[in-house]
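Quick notes on the structure that follows.
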Amino acid sequence: MTALMPLSAHVSTLAQLGNRHGSADVMEAPDLNYQILVPMLVLFGGACIAILFEAMVKGAQRSIVQVFTVGLTLLATLGVLVYNFAQGRFGSYGAGLLMADKPAYIMQMALIVFTVGSMFLFVTHTSTSAREAGGRNSQLESEIHALALFSLFGMVMFVASTNLLMLFIALEVLSLPLYVLCSMDRYRPNRSQEASLKYFLLGVVAAALTLYGIVLTFGATGSFDYQAIAQAAENGVEANFFLGFLFIIAGLFFKIGAVPFHSWVPDVYQGAPTPVTAFMAIATKLAAFGALGRLLTLVVPMNDVDTWKLVVAIAAAVSMAYGAIVAIAQRDVKRLIAYSSIGHAGFILAAFVGSTDGVFTVAGLEITAMSAAIVYLLAYGLATIGAFAVVTLVRDENGKEATDFDSWAGIGRKHPAIGAAFVIYFLSFAGIPLTAGFIGKLSAFAVPWLAGQAWLVVVALLLSAVAAFAYFRFLTVMFFDTPSKNARMVAPQGAVTVIIAVTAILTVLMGVLPTWVISLVSDAGSFLVG
């Protein structure tokens, strides 16, 4: 009996503590809500199985098994997400750390769809270049598929996080595989590894900044939960809250590539394998904007809204200007797309300057800042995946990718079908009518305009024209310059052909018939509160 006395004493103490807080239970089991959690479990399980296959399956069969595993995992995850969304399974899950609402579902489904597009490029990219160069069989290392799944797992958590600790965990889960993926170009290993190292070092700094911001925010509010932080902020908090929240926003600005946290973008876009660049360019940006939109909507106190609008407006305007102006001076197509992505980050941020919780009417449909951002991201994603698919086809005399402008001279004339598709992508980047990019810009600019922020819209329109000059300058090289003798376009494999055709068609379809997209995401800015 005496040996049991300490245990019984502890139990008694815990019971007294429970009663003191209004409950006779010592500890309640967290509500995980497995019905909503299933997609993440499927995705994580598929990534783990892919890792096991990497160790167990040998030889040429390993890549085939990995592709099958990844494809099945992505389709199963997408199917469960669509089913949950159709069944109206909304609410908190994962012990209250995650939220299933319309914005989260739509962004998670979009992430998976764009990942599928990137996987098509993963499968075909280096096998094509090796065959054309007459070199060794160098299929992309098969572990790339498992790494991409783990990164995607972090992204789907990122857009659904309602807790700062979960936000940071998701940030690291999505980031760490990307650092490895960036270094996996076997044709230009030095440049690829340099890009990976730059991304890693700057990413570590951004992660540390985010973590420090989380600590300051917790110290000021006493909670990691978004709702509790918002309530504490409404009641008035010390200056540490503003500084901490600013650091968290800065970490997210790094992920979207907004100024002044943009320095990694050009080198990483150029140095990473093109399929990895395509995956990062849209998936990371989509996930980061999803997390940013939830933070700005749920956490910013009403009495500080104007202050945070000013912070976002400055970042938006500077990002637009820097991306558009510097893009003009580029002579490499991947760096051109990289700098344009910085400008696009600014255009999307402009939507959040209008209002984070207001509802506006555009073309007869209700739209919010978050839903406008999603429309823009969908348009940007289609053009980005398609453009990088074309980039994988242009080769120099050694069979390596040729991304300098001189190698692209006259490519549009020699290959009119591929050239026409590339024109569609760049017209969409420029926001020309009858393309998806025009609808994206219309949605993103309408929100601040209707909210009385006309000055920012005027700035955005002027800088859109500047960016368009950079795009049209490159298109003139493609169609009107003398063709290069040292560069050629390889015959696209079936998967690349599908990606180019589908993205080009959807880019035009979304521009001509935009109502179905806008109506789909019209209420996607309605974040649920746990």
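Every residue gets a Cβ built from N, Cα and C, even glycine.
TrEMBL: automatically predicted annotations, no manual curation.
Copied from TrEMBL, the annotated features are:
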type: TRANSMEM; residues: 32-53; note: transmembrane segment
type: TRANSMEM; residues: 65-85; note: transmembrane segment
type: TRANSMEM; residues: 105-123; note: transmembrane segment
type: TRANSMEM; residues: 144-161; note: transmembrane segment
type: DOMAIN; residues: 161-464; note: domain 'NADH:quinone oxidoreductase/Mrp antiporter transmembrane'
type: TRANSMEM; residues: 199-221; note: transmembrane segment
type: TRANSMEM; residues: 241-264; note: transmembrane segment
type: TRANSMEM; residues: 276-296; note: transmembrane segment
type: TRANSMEM; residues: 308-329; note: transmembrane segment
type: TRANSMEM; residues: 336-353; note: transmembrane segment
type: TRANSMEM; residues: 415-434; note: transmembrane segment
type: TRANSMEM; residues: 454-474; note: transmembrane segment
type: TRANSMEM; residues: 495-518; note: transmembrane segment
**Item:** Contact between the transmembrane segment (454-474) and the transmembrane segment (65-85) (3 or more Cβ pairs under 8 Å, separation 6+)
**Value:** no
**Cβ contacts under 8 Å made by the transmembrane segment (308-329) with residues that lie 6+ beyond its boundaries** = 246, 249, 253, 258-260, 262, 296, 300, 336, 339-347, 349-350, 352-353, 453, 456, 459-460, 463-464, 466-467, 469-470, 473
**Message:** Taking contact to mean 3 or more CB pairs closer than 8 A (sequence separation of 6 or more), are the transmembrane segment (199-221) and the transmembrane segment (144-161) in contact?
**Reply:** no
**Item:** Sequence-remote partners of the transmembrane segment (144-161) [C-beta within less than 8 Å, at least six residues beyond its ends]
**Value:** 39-40, 43-44, 46-47, 50-51, 54, 66-67, 69-70, 73-74, 97-100, 103-104, 107-108, 111-112, 115, 118-119, 122, 167, 169-178, 180-181, 184, 276, 279, 283-284, 286-288, 290-291, 294
